[in-house]
Amino acid sequence: MIDLRLLRDDPERLRASQRARGEDPGLVDAALAADENRRAAVARFEALRAEQKALGRRIASAPPDEKPALLDRAKELAELVKAAEAARDDADAACREALLAISNLVDDEAPRGGEEDFVVLEEIGTPPTFSFPPRDHLELGERLGAIDVERAAKVSGSRFYYLTGVGALLEFALVDLALRQAVTAGFVPVIPPVLVRPPAMEGTGFLGQAAENVFHLEKDDFYLVGTSEVSLAAYHMGEILDAAQLPRRYVGFSTCFRREAGSHGKDTRGIIRVHQFDKVEMFSFTTVGEAAAEHRRLLEWEKQFLTALEIPFRVIDVATGDLGASAARKFDCEAWIPTQGRYREVTSTSNCTEFQARRLDIRMRDEQGIRPLATLNGTLVAIPRTIVAVLENHQQADGSVVVPRALRDYLGTDVLRPKR
């Protein structure tokens with residue numbers, strides 16, 4: 001949620017942010033109007049309540065001949081106070097809804113523009129050149145006995161998959177490597193719930209523009225998380241944290257669920273875009289002043305992981321028009337996919353500043369009092385796309401795949417060989 005003081009003091013800054021995102025700046029004006037209405041409703045309620053209290057004192061000391069008229073007024077005031085209280089509550093709820101509709105204030109340094117206006121910050125590693133026609137990840141995975149989408153389609157429909165044999169072992173190896181790296185860096189490992197209630201989903205910003213990609217269990221009013229960011233952010237919902245103990249860093253492993261609405265016809269082959277996948281996610285609670293530096297640290301941990309897998313990748317600074325509602329700035333790591341001849345996103349890290357913390361009522365206490373804090377998230381490994389990158393970049397002419405050195409102890413082999 002945006003800072004109400006910012007809305008009142010500098011609404012044009014918020015309008016400019018909305019325009020930079022390609023979103024409606026009129027939402028800012030709607031929020032201003034809702035705030036004015038709320039303040040007027042609060043003032044009317046408080047004035048009537050004050051009159052009611054004063055009248056109560058008068059009645060207590062009034063002579064008998066004056067009491068009937070005063071009691072009539074007291075009855076009238078009681079009805080007015082009740083109506084004013086309801087109007088205040090309605091105005092407060094409407095103001096909150098108006099504030100929730102506005103996305104986070106974009107970072108001044110985030111590049112402006114749409115999806116294709118990102119800025120490449122660096123390229124790490126060199127895309128491989130093959131002396132043979134490279135196979136895509138699905139063909140490699142099927143030959144290795146690692147990926148089965150045909151049976152998954154029979155069981156669950158499109159955009160599902162089985163990881164079998166070395167495919168399943170490869171997932172466990174990647175998760176183990178990611179968790180060991182994160183724990184070494186000081187993260188607390190967490191296995192969070194994947195079913196959450198509306199306040200957690202709304203608080204993290206996934207019930208606005210992203211709502212169409214969320215699975216909702218309507219009967220029980222649960223949501224399936226698309227990332228453990230949701231569960232990890234809400235872990236301290238309604239709490240006040242000691243600033244001296246920040247940053248608090250958690251690394252969560254969970255299954256993630258996405259409807260992929262609007263993706264019809266995109267990435268229909270293989271496991272690049274699926275409805276269900278596993279992911280290791282970093283999450284940090286820190287001070288607002290440390291948020292930008294923490295963002296860079298999360299990015300460095302992502303780069304460290306991909307470098308260990310010997311995958312060529314690049315880092316991009318995502319343009320404002322491609323940011324999620326909660327992110328003020330986002331960096332993506334994109335791995336080279338040989339058969340597509342382009343880079344594809346495999347990890348991302350976002351600085352959400354105070355936005356999620358305000359919505360989730362998470363604050364910190366320091367010598368200056370109780371204040372908002374910042375939240376940040378970063379993918380350490382999203383399993384399907386990382387497997388895609390590993391298989392395609394490390395393939396050999398016979399369809400075998402060289403195992404990255406960082407995974408060999410876990411897998412117990414240097415090379416994954418075709419079963420057919």
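Cβ atoms are placed via backbone N, Cα and C, with glycine included.
The model shown is predicted, which means the values in this text are computed figures rather than measured ones.
Listed by Swiss-Prot as binding ATP are Arg258, Arg259, Glu260, Glu345, Val346, Thr347, Ser348; the candidate from Val230, Val274 that the record includes in that site is Val274. According to Swiss-Prot, the residue from Glu202, Glu281, Glu334, Glu354 that belongs to the L-serine site alongside Thr227, Ser228, Glu229, Thr379 is Glu281.
Listed in sequence order, the binding-site residues from Glu260, Val274, Glu345, Val346, Thr347, Ser348 having a Cα within 10 Å of the Cα of Thr379 (L-serine binding site) are Val346, Thr347, Ser348. Summary: among the binding-site residues (Glu229, Glu281, Glu345), the fewest other C-beta atoms within 10 A of the C-beta are counted at Glu345. Here the Cβ of Val274 (ATP binding site) has 21 other Cβ atoms within 10 Å, regardless of which shown protein chain they belong to. All protein chains included, Val346 (ATP binding site) registers 25 other Cβ atoms within 10 Å of its own Cβ.
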